[in-house]
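Reviewing the structure listed below.
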């Protein structure tokens, strides 16, 4: 404390002592001293320059930086190699910065004299805190793409200039062009071609079905056969082919996007240009071509396809193996009957051809009950029918070549009589129908109404038959309280099935457009003379002696109708030329077919028996009398009187 008080006192004494002396100085002296200080050669400022940040902008040539590269310690600008840019330097005391340089290495001692690149660039001072420099990186490095900024500083008091780093944050990234611009453009054009090829082949080859290719190999033109043979070995490996094409397409499209980005220098423009190019050149045009000419294009480009399958096999083959195990192998498109029918109907074939194909495909869906003829429509003969000349003529007139033979009931068909079997029958020696059938011993083939037409067709072809009997199985589900049994319901022929195939009626020279009139004579009685005359045959077909005896009998026994006073002999002979002869075969159990007249039903025709016999039921008691040959029935109807 004493020392502090002593010092204070001394200071006070000094100030008091100097005060009167200063006050006695001239007034101009301070100004003179200040001028002298300004004129003295003071040393430069000791404040060192500092570069705190940089910004790279396009230069006069218009080239822009590629973008920003993100790292763990920040984002830095990325510049193309060997391109001039404008570097904006920001900091303080930048007047000391003379030149700008680059270095691929950074040292912690801030000295870059030994590591900087040989080329340096002048710095233009804007103000003390901002400067500009036109610079580019023209030397390559195999170590890193990072380039650090260093600057040449002015030396103090004539000292040597030195190069210094200003921190590792002052850096940029250099992107090098692997190929020249023209090579890059050519490479992009090639990639667009490959992209279109992969996209088109993906549609064209994968749309070619294995089965379709095999059909082309057998039924196509010579060029199409050649194309299909080249494609089939590769198309069989469908999943392998698919994986290779998709992998190649994705690889090419990704490379295209990167190359477009290197050319445009802007991400959004690269995306737009790559998208437009891939959609038009790589998708729309090639797929439109390959969808129409896939077979030819796939065959011509098969070497390229096999090459890329080999190149991508390390990835695509394992993937295809997994797909084969998970999804199964590609066996090709298989159409069922309904789809195949619609496919054929849409092909524009001729109507007849289309009907035949569609009819054949429909056989499996149709049953015999849809095409068979019911028993009531079938022409058949009883077993006891005597086959003579009249019966043969009647069978010939029907146009049928195979006649079912039944025993007592029409549903009990025991055999089939073939018209050619009648060649053994002597016209003068009649034979029973059942005896003829036993001689030839033809078996009756039985089918069921629920069988399909394709099975029936196979049966006809395998057994070499043309006619089968249709039976119906009556079971408990149909209200049958007895044991299940079978009943004959109709008849089906090979011609019926063929008509279903061609979708048209088959008519040959033996067919009669309408139901033969002779059948009507057998199916029921005649009520009108016109019907009888139109449905009969000429009496000239009977032996001459029988014809003469019939004419004489009519003239003698029924002279009032056929005598000389009623009709002239030439007219009577001419009457036998008309179709008045009706051949009737007795059908067991079918009273309607066998009846010539019915009680209380008028008729305007007469019947003159030439062969056989007829049973007459007369009176309330229905007394039966037998009429034999040369008996005239219904004579009153011929005289103009109605009979009942």
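Yeah, the Cβs are placed from backbone N, Cα and C, and that goes for glycine too.
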Which listed span TrEMBL calls transmembrane segment, if the choices are 213-233, 297-317, 318-338, 339-359: 297-317
Of the residue ranges 239-260, 371-392, 393-414, 415-436, the one that TrEMBL records as transmembrane segment: 239-260
Which range of 266-285, 446-465, 466-485 is transmembrane segment, per TrEMBL: 266-285
Among ranges 153-180, 181-208, 489-516, 517-544, whichever one TrEMBL labels transmembrane segment: 181-208
Same-chain residue ranges lying at least 6 outside the transmembrane segment (297-317) that approach it to Cβ under 8 Å: 197-198, 200-201, 204-205, 208, 226-228, 230-231, 234, 240-241, 243-245, 247-248, 289-290
Non-local residues, at least 6 beyond the ends, that sit with Cβ under 8 Å of the transmembrane segment (181-208): 231, 234-235, 238, 241-242, 245-246, 248-249, 252-253, 255-256, 259-260, 262-263, 277-278, 281-283, 285-287, 289-291, 293-295, 297-298, 301, 304-305, 308
